[in-house]
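Undergrad: I am attaching a structure below and will ask some questions about it afterwards.
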Amino acid sequence: MNVLHYINAFFDNDANWSGYAGIPARLWEHVQYSLEALALATVIGLPIGLVTGHYGRGGNALAFVATAARALPTFGLLVLATMILGFGMLPVMIPLVVLAVPPILVTTYEAMRSVDPAPVDAARGMGMRETDILFRVELPVALALILGGIRSAAIQIVSTATIAAYVGLGGLGRFIIDGLYQHDYEKVVGGATLVAFMALATLGLFWAVARLAVSPGVRRSA
Amino acid sequence: MSYFDGFFDIPSDLQHSWLGLIGLHLREALLPVLAGLVIALPLGQLCVRLKWLYPPVLWVTTVLYAIPSLAFFVVLIDYTGMTELTVMIPLTVYSLVVLVPAIVDAVRSVPQETLAAATAMGFGPVRRYVQVQLPIAVPAIIAGLRVAVASSISLVSVGTLIGNQGALGNLLHDANIYNRPELAWNSVLTSAALAVVVDALLVGLRTLLTPWMPRARARRPRPEAVPAALEDAVR
């Protein structure tokens, strides 16, 4: 197998494992970019999704914003942002955040809307305040789906953060872009493998978080 | 506005007019989604029939989805060369990740009573699928197509990195080498506009295909929350 051969060669090469351009350093850079972008996207998308979902208003507006954000080409945004703002972290964060906000926003809204209205009405009847209803009734029930949305965003960020290398930054994309220009397939395939593994690790992490954070009573079978 | 001077002056090395690039972009983005749909429909039906098949299919597509598009392109160059096909194969795979769960959830969500009624009316399995299950599944399938098309149109641009196979994305490369930001604006704005227009067409198609649904989108989302299942698929 061609690809497996490249993977082996890449990971067997000791030179790939040390230094500022080694696998651990690039991996750490990739984790940093991804966490930063995910944190920004969550800070933007989650509160808006929670509040609009709670009041059940603005669903169409949200859908419109999400569609518009999805329509923006990630790679194009990166190149454009770099041409306007110069090289740096900000022009990389813009396309990643634009990429990650729609799944968080839409899923949070839909998750809040899909909460059974009966317990919400009961909570209101018992005299709970709106903020309490939001955080103590709706949020725990909707949490599994909300985490699913953040997970989609995280996976997409991890896989897309590779483009940071195109504008001179580090991360695992470095292996792919450098390999491409050096016609070094070993590097390209190795970098791609690392990104795929990191995406899978993210999947596992979210599975664990959902396991811990979601109340067993509302856990979904699916 | 100096930014937009020469907005439509496409450098000759691209060998296409602006409209030509649009056509190219649409072909490179939409054919893969179409191929994805052609594969996903039978695959989804198979997954509904054989329950054990669904988890492994989801896992395989998820793992493939985790491969960054650029790396996917580069690995394929070995087999398919620097051609459109190299861009279209990964996009097909990505659209499967969205479409298969959408179709499986949609077909599964058809109520048992409806199926029983169809059987009682003498519908065979094939006719029942085509005339009952599929039409009821249309809204969810279109919802999946909308996500797939948007990401496909966005990803075609990356093809510029593997030897100018990025259609409108090639403008980005030229924007860089000729230092003409207006070309980057053109690339971003045109592909965004394409995505919005195709999205609107899909919404129109759904309205045409489901004449029994209320026109105003005032329906309350069902507890099964199809969109959630969809976003789930986009991992």
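Heads up, residue numbers simply count up from 1 along the chain you see.
In case you wondered, yes, glycine gets a Cβ from its N, Cα and C as well.
All annotation found in TrEMBL is predicted automatically rather than curated by experts.
When I checked TrEMBL for this same protein, it listed these features:
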DOMAIN    A:27-206  domain 'ABC transmembrane type-1'
TRANSMEM  A:37-55  transmembrane segment
TRANSMEM  A:133-151  transmembrane segment
TRANSMEM  A:157-177  transmembrane segment
TRANSMEM  A:189-210  transmembrane segment
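How about a rundown of where these features are and what they're close to?
TA: Listed as Cβ neighbours of the transmembrane segment (A:133-151) (distance under 8 Å, sequence separation of 6 or more from its ends, same chain) are residues 38, 42, 46, 49-51, 53-54, 103-104, 106-108, 110-112, 114-116, 119-120, 123-124, 202-203, 206, 209-210, 213-215, 218-220.
Long-range Cβ contacts of the transmembrane segment (A:157-177) within its own chain (Cβ-Cβ under 8 Å, at least 6 residues beyond either end) map to 21, 25-27, 29-30, 33-34, 37-38, 41, 74-75, 78-79, 82, 87, 89, 91-92, 95-96, 99-100, 187-188, 190-192, 194-195, 198-199, 202.
Among residues of the same chain six or more beyond the transmembrane segment (A:189-210), those with a C-beta under 8 A of the stretch's C-beta atoms are 3, 6-7, 10-11, 16, 23, 26-27, 30-31, 34, 143-144, 147-148, 150-151, 154-155, 158-159, 162, 172-176, 179.
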Undergrad: Is the transmembrane segment (A:37-55) packed against any residues at least 6 beyond its ends, judged by a Cβ distance under 8 Å, and which are they?
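TA: Same-chain contacts beyond the ends: 62, 93, 96-97, 100-102, 104-113, 130, 133-134, 138-139, 142, 146, 150, 153-154, 157, 161.
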